[in-house]
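Features as listed in Swiss-Prot:
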- Thr5: phosphothreonine (MOD_RES)
- Ser24: phosphoserine (MOD_RES)
- 33-389: domain 'IF rod' (DOMAIN)
- 83-216: region 'Coil 1B' (REGION)
- Lys112: N6-acetyllysine (MOD_RES)
- Ser127: phosphoserine (MOD_RES)
- Ser159: phosphoserine (MOD_RES)
- Ser201: phosphoserine (MOD_RES)
- 217-244: region 'Linker 2' (REGION)
- Lys272: N6-acetyllysine (MOD_RES)
- Ser303: phosphoserine (MOD_RES)
- Ser376: phosphoserine (MOD_RES)
- Thr400: O-linked glycosylation site (CARBOHYD)
- Arg414: omega-N-methylarginine (MOD_RES)
- 431-547: domain 'LTD' (DOMAIN)
- Lys484: N6-acetyllysine (MOD_RES)
- Ser535: phosphoserine (MOD_RES)
Amino acid sequence: MATATPVQQQRAGSRASAPATPLSPTRLSRLQEKEELRELNDRLAVYIDKVRSLETENSALQLQVTEREEVRGRELTGLKALYETELADARRALDDTARERAKLQIELGKFKAEHDQLLLNYAKKESDLSGAQIKLREYEAALNSKDAALATALGDKKSLEGDLEDLKDQIAQLEASLSAAKKQLADETLLKVDLENRCQSLTEDLEFRKNMYEEEINETRRKHETRLVEVDSGRQIEYEYKLAQALHEMREQHDAQVRLYKEELEQTYHAKLENARLSSEMNTSTVNSAREELMESRMRIESLSSQLSNLQKESRACLERIQELEDMLAKERDNSRRMLSDREREMAEIRDQMQQQLSDYEQLLDVKLALDMEISAYRKLLEGEEERLKLSPSPSSRVTVSRASSSRSVRTTRGKRKRVDVEESEASSSVSISHSASATGNVCIEEIDVDGKFIRLKNTSEQDQPMGGWEMIRKIGDTSVSYKYTSRYVLKAGQTVTVWAANAGVTASPPTDLIWKNQNSWGTGEDVKVILKNSQGEEVAQRSTVFKTTIPEEEEEEEEEPIGVAVEEERFHQQGAPRASNKSCAIM
């Protein structure tokens, strides 16, 4: 054991204080047996005390468990009553919603009748407007004839002004070319001086290099003379001859290069000087001809100015007549615009009323669906806790909610609890959503969000599908919008791509998630249809979603069908139910 008992400490002290006297083997064996028996008795006493304390603690824990189970039972009973109350309130709200929906449908029929009457009135006003537009076109034809005459006069004026501007531009160009020629002559003079300086510097450099080469030759010759001391006289003469021949060839090469460079400089200088002289002569002759043309242009401008004054008088008369016609046309346009704005305002008011009724209807439908889902979630949570606590289940009722034509199952597990299989069957006695889809190619339309947030496509084949030039068209009633894929986009085999609206709150993650920045929503309505066309304009897939609304004649008893809700133990305990503790003690 970890600690020694007081009896053991006392015996150890007595053994330490005993005199060291010799004992017989029998005495020693008896003492050892006696000591072992005492130790075993001490250990047994400690063990009995430990067992008693554990039994006491176990009884206290069992009492706590019993009390907590009683508290949990009371809380569960209260929570069940609270859920039943909320369920009854939700059912009453659902009934009120159904009645309100029927009223709204009746009002919608009235508004449709009023809308048809307004359409008839609008057609009559359209015929009146077409007559006014015919008169307007007649006035515009007369105005166009006058505009043509005025445009002819203005065109002649502009052509004369253009000729004058062309002559001025030619004079400016000639003066600019003359100044450029003078500048070129100065540049050529400077270039000549620069080339002469460069020739002088190159000559000096050549002289310097020649001196350096001679020094190097002398140095090389001295080195060879020192090396040729050990060589016989025949070999020495041969080396000197080769060295002299090599030096002679180097001198000839350098002289030839210097001569070529001098000849090139002289040829370049003479050619540029001749070009400058010819350019100066040409510029002088051009300036003289330009002066003659300028004199002729001045005389022509004077004659054209007199003609222009006459045309301006005629133009002023035409402008006065045009002003009168424009005033008459403005009055007619104001009257037509006023009538058209009145019709548009009436149509806008009718559209706003219809849109308000539709939005109210959609809000009521969303409230109903949310209530149904919440009721199912509460009931499923309650049944899960009853099953976990092994309580008798309450009588179930059935509530149906329609969100899509498909069904799905959700499985949740927690520790060693029993797995709960929840199946969502989506149908409604009052509102139902039906889907229909077809595809003739590798790509199909997998899903259309009923809230207008996204449309999802899927490549069902084992090959990549290029989507360049493909178009996806969404139709709701008479309105339609289209989305085109980029030329480089490719949908991988077995992959899905989701095209999100701009207000969906999703960030782009190509190639699986794309954002349509120009469209805030794909749109919602009772009849939504999406068509997918390839780059040749052929329809390869389509999917439609139709909302069917019926008014129930009488309310029947409904059975509960749980919607996919994950039953989590932590959420239940946050609402006030304590956790059960299961502890046991093992006595070794």
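Using N, Cα and C of the backbone, Cβ positions are placed for all residues, glycine too.
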The domain 'LTD' (431-547): DSSP-derived helix, strand, coil residue counts: 3 helix, 64 strand, 50 coil
Residue among the modified residues Ser127, Ser159, Ser201, Ser535 whose Cβ has the most other Cβ atoms within 10 Å: Ser535
Predicted model, mean pLDDT over the domain 'IF rod' (33-389): 79
Residue from Lys112, Ser127, Ser159, Lys272 whose C-alpha is spatially nearest that of Ser303 (phosphoserine), among the modified residues: Ser159
Inter-residue C-alpha distance, Ser24 (phosphoserine) and Lys484 (N6-acetyllysine) (nearest angstrom): 111
Of the modified residues listed as Ser159, Ser201, Lys272, Ser376, Lys484, the one whose CA lies nearest the CA of Ser127 (phosphoserine): Lys484
When distances run from the Cα of Ser376 (phosphoserine) to each of the modified residues Ser159, Ser201, Lys272, Lys484, the nearest one: Lys484
Whole-number Å value for how far Ser535 (phosphoserine) lies from Lys272 (N6-acetyllysine) (Cα to Cα): 64
Residue among modified residues Ser159, Ser201, Lys484, Ser535 with Cα closest to the Cα of Lys112 (N6-acetyllysine): Lys484
Closest of Ser159, Lys484, Ser535 to Ser201 (phosphoserine), Cα positions, modified residues only: Ser159
Pairwise Cα distance for Ser159 (phosphoserine)/Lys484 (N6-acetyllysine) [Å, integer]: 49
Secondary structure composition of the region 'Coil 1B' (83-216) [DSSP: H/G/I, E/B, coil]: 134 helix, 0 strand, 0 coil
Listed modified residues (Ser24, Ser303, Ser376), ranked by Cβ neighbours within 10 Å, top entry: Ser376
